[in-house]
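This report concerns only the one structure given below.
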């Protein structure tokens, strides 16, 4: 699914991050534990150099706990990367972030020293809630709608830590179509910018393979179909989503499925695995290579046309 939702303030945020990231001692990236790969910001890998990174798998209370452990172990294989996981049930543990920052940048700990940490994350990932807990006061606006934070701000924390908050940010072009669907399914994109039925179809296809028992239990279906759309129609009938002519209201059932996924009413679900990340990264690399080859071929064709035109003028 192509993401078209990219508010203007996000472009400004990208430029600000590029400018100030070299000044930071630690980068804190808040991820959605249900989509740890799709919620990663590619700018972190591109710009961090050898700066330490703390990847926080937030909303872990909504995700599959075994998959959260697998993702944390996977991320920590990378040099300079440490992980933490939080959910509403672990809010009291958020201050572990401060201790880990100081451990990763010990040269910036002590009297008359200031540790600079940048915190970033996609829209609606719960970043502002974490910041308010760290600050011990309301300094960041929170809400269930994406893109509540629209401007960068600096927040002084205890123990000489200066936290640089950045707006929740997506990127203008998500090359991996699967990531687009997952971002939409988990609420990182405003609902007005998504096609519910497309997103529900993708979600159902994944859940039928990865979490069939949750679907059986929630929608009271003993024998699940192989087809995602057949499942949506069956579940729609079970839920009474019927319109004229005894037809299933698939839009209404699509909304139900997506909302029950987001609220974990369906159960604890993680929409991607480390293996999927490896496979999809390879796919994205091939897409980029093909696009570059196509661009190079167009440029060569233009060059040859110009050369022929010059020759004909002689």
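Placement of Cβ uses the backbone N, Cα and C atoms for every residue, glycine included.
Small disclaimer: the values here were computed from a predicted structure and weren't measured.
Summarising the annotation, TrEMBL assigns GTP binding site to 58, 59, 60, 61, 124, 125, 126, 127, 128, 129, 168. Secondary structure at residue 168 (GTP binding site), as computed by DSSP, is coil.
Annotation source TrEMBL lists compositional bias 'Basic and acidic residues' at 289-303.
Marked as compositional bias 'Basic residues' by TrEMBL: 304-314. Secondary structure by DSSP for the compositional bias 'Basic residues' (304-314): 10 helix, 0 strand, 1 coil.
Over the domain 'CP-type G' (14-172), the average per-residue pLDDT in this prediction is 87. What TrEMBL lists as domain 'CP-type G' is 14-172.
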Residue counts (helix, strand, coil, in that order) that DSSP gives for the compositional bias 'Basic and acidic residues' (289-303): 15 helix, 0 strand, 0 coil
Number of Cβ atoms other than its own within 10 Å, given for residue 126 (GTP binding site): 20
All-chain count of other Cβ atoms within 10 Å of residue 124 (GTP binding site): 24
Coarse DSSP state, helix versus strand versus coil, of residue 124 (GTP binding site): coil
